[in-house]
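Student: Relevant sequence annotations retrieved from Swiss-Prot are reproduced here:
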- His2: Ni(2+) binding site (BINDING)
- Cys70, Cys73, Cys86, Cys88: Zn(2+) binding site (BINDING)
Amino acid sequence: MHELGITQNIVAIVSEYAQGSKVNRILLEIGKLSAIMPDAVQFCFDICSKGTSLEGAVLEIREIPGLAKCRQCGAEIALEKPFGICGCGSVHLDVITGEELKIKEIEVEEVCV
């Protein structure tokens with residue numbers, strides 16, 4: 001389960017960014033072609049965030065669908081797997097979306113001094 005290591009890195013990156021401030025919400029974008037299971041990341045997040053400034057934060061995960069462009073005819077096609085075939089018969093596709101893993105938003109508590 002590589003999601004544990006990925007989630008540990010996400011917690012470390014967000015903790016560094018928050019600089020000790022309490023994190024309320026995180027929005028991740030995970031591509032459907034990335035081989036990362038959103039449910040596993042959610043499960044690991046609850047464990048990895050314990051005792052950190054992220055504990056209790058809401059983790060929102062937005063899944064990004066797979067999309068590719070055919071090198072032969074230029075058509076864009078939806079992908080459910082990291083490979084596919086275009087309507088023109090070509091298998092030469094460039095993936096446009098679906099492989100990403102991004103920390104898109106981080107919401108931290110404001111500290112008034």
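Just so it is clear, glycine is given a Cβ too, placed from its N, Cα and C backbone atoms.
Since the structure is predicted, the reported quantities are computational estimates derived from the model, not experimental observations.
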Student: At the level of the C-alpha atoms, what whole-angstrom distance separates His2 (Ni(2+) binding site) and Cys88 (Zn(2+) binding site)?
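Tutor: Their Cα atoms are separated by 36 Å.
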Student: Quick one: what's DSSP say for Cys86 (Zn(2+) binding site), helix, strand or coil?
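Tutor: SS state of Cys86 (Zn(2+) binding site) = coil.
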Student: In which DSSP state, out of helix, strand and coil, do we find Cys73 (Zn(2+) binding site)?
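Tutor: The residue in question, Cys73 (Zn(2+) binding site), is coil (DSSP, three-state).
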Student: For the recorded Zn(2+) site, whose residues are Cys70, Cys73, Cys86, Cys88, find every other residue on that chain with a C-beta no more than 8 angstroms from the centre of their C-beta atoms, and list them by sequence position.
Tutor: Arg71, Gln72, Gly74, Ala75, Ile77, Gly87, Gly89, Ser90
Student: What is the Cβ neighbour count of Cys86 (Zn(2+) binding site) at a 10 Å cut-off, with all protein chains included?
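Tutor: Cβ-Cβ neighbours of Cys86 (Zn(2+) binding site) within 10 Å number 19.
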Student: Determine the Cβ neighbour count for Cys73 (Zn(2+) binding site): the number of other Cβ atoms within 10 Å of its Cβ.
Tutor: 11
Student: By the count of other Cβ atoms within 10 Å, pick out the sparsest of the binding-site residues Cys70, Cys88.
Tutor: Cys88
